[in-house]
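Q: Have a look at this one.
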Amino acid sequence: MREIVHIQAGQCGNQIGAKFWEVISDEHGIDPTGSYHGDSDLQLERINVYYNEATGNKYVPRAILVDLEPGTMDSVRSGPFGQIFRPDNFVFGQSGAGNNWAKGHYTEGAELVDSVLDVVRKESESCDCLQGFQLTHSLGGGTGSGMGTLLISKIREEYPDRIMNTFSVMPSPKVSDTVVEPYNATLSVHQLVENTDETYCIDNEALYDICFRTLKLTTPTYGDLNHLVSATMSGVTTCLRFPGQLNADLRKLAVNMVPFPRLHFFMPGFAPLTSRGSQQYRALTVPELTQQMFDSKNMMAACDPRHGRYLTVAAIFRGRMSMKEVDEQMLNVQNKNSSYFVEWIPNNVKTAVCDIPPRGLKMSATFIGNSTAIQELFKRISEQFTAMFRRKAFLHWYTGEGMDEMEFTEAESNMNDLVSEYQQYQDATADEQGEFEEEEGEDEA
């Protein structure tokens, strides 16, 4: 089997990670004690991707929980599925990172990282054929962003040929915990560009807007935001967990989705959107699902796809539906909106269908888009970064941990380069592709 080792780092990472395990355990018929009570062979066919089978037919998540303070992990442990995790896989410090990327990456986090890597090794050794790692973390804090990116680069060193996939929560001024979020996020993106194969950008701003506008929740809590994240993560990993036609393992997904190595930041989407506790009573049709799925209001990253163009798209439909109808609808979207798909990658939309719908829905659709409009998100963070960095505000917290201003300047320019790369491919057309490559050659010279 092709196993995936899951790592969750920091407060946000542990909260969305715990939620993810609740949702997929439920989908696979696994109760909080790790016993199977399902009703379909499909639930067990690829259970080994995310679970170890222990003695007594207990299924244990291949999950590693990491944090620099014990608080969040205590609440995971006492949460609904807290007892399903392997106790040795909780790795935590006592000091906390204080929302400081430098503490997570260079000082506090660096002290803890070896004990995390021991657990990673142990999990990887119990795998038959490890396909890769997935990390849930946020980019705004200290542990998930600083230590999360440190773990990525260490794991990259040790397992260079394995896929590294992250679910990264981007900070937003609308749901802000700290003033230094733009610093932490920029320093993290600097690492993610170089060291991951696939990054799902989950943006608090977009989640907030969905809760507020679409779900009509007046004061959305993190619980409501995490409900959306877990629905999306469940959808995105469907192809990895259930037998399907487009049997995406992480590597096949990367091959389909990433045309240029640096441009691996995906915009996830989900339809139909429902709030916690209220499920829709009307089954949606395939055309409605398709239409909703491509709508900017359903995107989990606060970017409007109409402001850019899609390099590649993957769509995952779940539930009993006609494959023919799905294919027709997907072609329909592409034909009607052809200007929003780059014409120099033909057939850049791939579709998978899985028979098992998520709990409480007859059918659902998950969207993964590699769109040049994601640059809006990086621009937003970059502007906030520059505003503070120009005045060297709050820098002493970072230099005090041994960082150099140079690193900030490098991270800033790497992020700006990323934005211009997206822009360059947005403007590229099929016929000028030749000239375009010559220019690239000159730049490098």
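Start at 1 and count along the chain as shown; that gives each residue its number.
Using the three backbone atoms N, Cα and C, a Cβ is placed for every residue, glycine included.
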Q: If I go by Swiss-Prot, the feature motif 'MREI motif' sits on one of 1-4, 113-116, 397-400, 405-408. Which?
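A: Within the set 1-4, 113-116, 397-400, 405-408, Swiss-Prot attaches motif 'MREI motif' to 1-4.
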Q: Run through the Cβ atoms and count how many others sit within 10 Å of the one on GLN11 (GTP binding site).
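A: Within a 10 Å radius of the Cβ of GLN11 (GTP binding site) lie 26 other Cβ atoms.
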Q: Taking the Cα atoms as reference points, how far is THR143 (GTP binding site) from LYS58 (ubiquitin cross-link) in Å?
A: 31
Q: Considering the binding-site residues GLY142, GLY144, which residue's Cβ sits among the greatest number of other Cβ atoms within 10 Å?
A: GLY144
Q: Give me the count of other Cβ atoms within 10 A of the Cβ belonging to THR290 (phosphothreonine).
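A: Taking every protein chain into account, the count is 24.
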Q: So what sits near ASN204 (GTP binding site) in its own chain, CB-to-CB under 8 Å and at least six residues off in sequence?
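A: Correct list: VAL169, MET170, PRO171, SER172, LYS174, VAL175, LEU225.
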Q: What kind of secondary structure is SER138 (GTP binding site) part of, going by DSSP in three states?
A: strand
Q: Using Cα coordinates, what distance in whole Å links THR290 (phosphothreonine) and ASN226 (GTP binding site)?
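A: With the alpha carbons as reference points, the distance is 23 Å.
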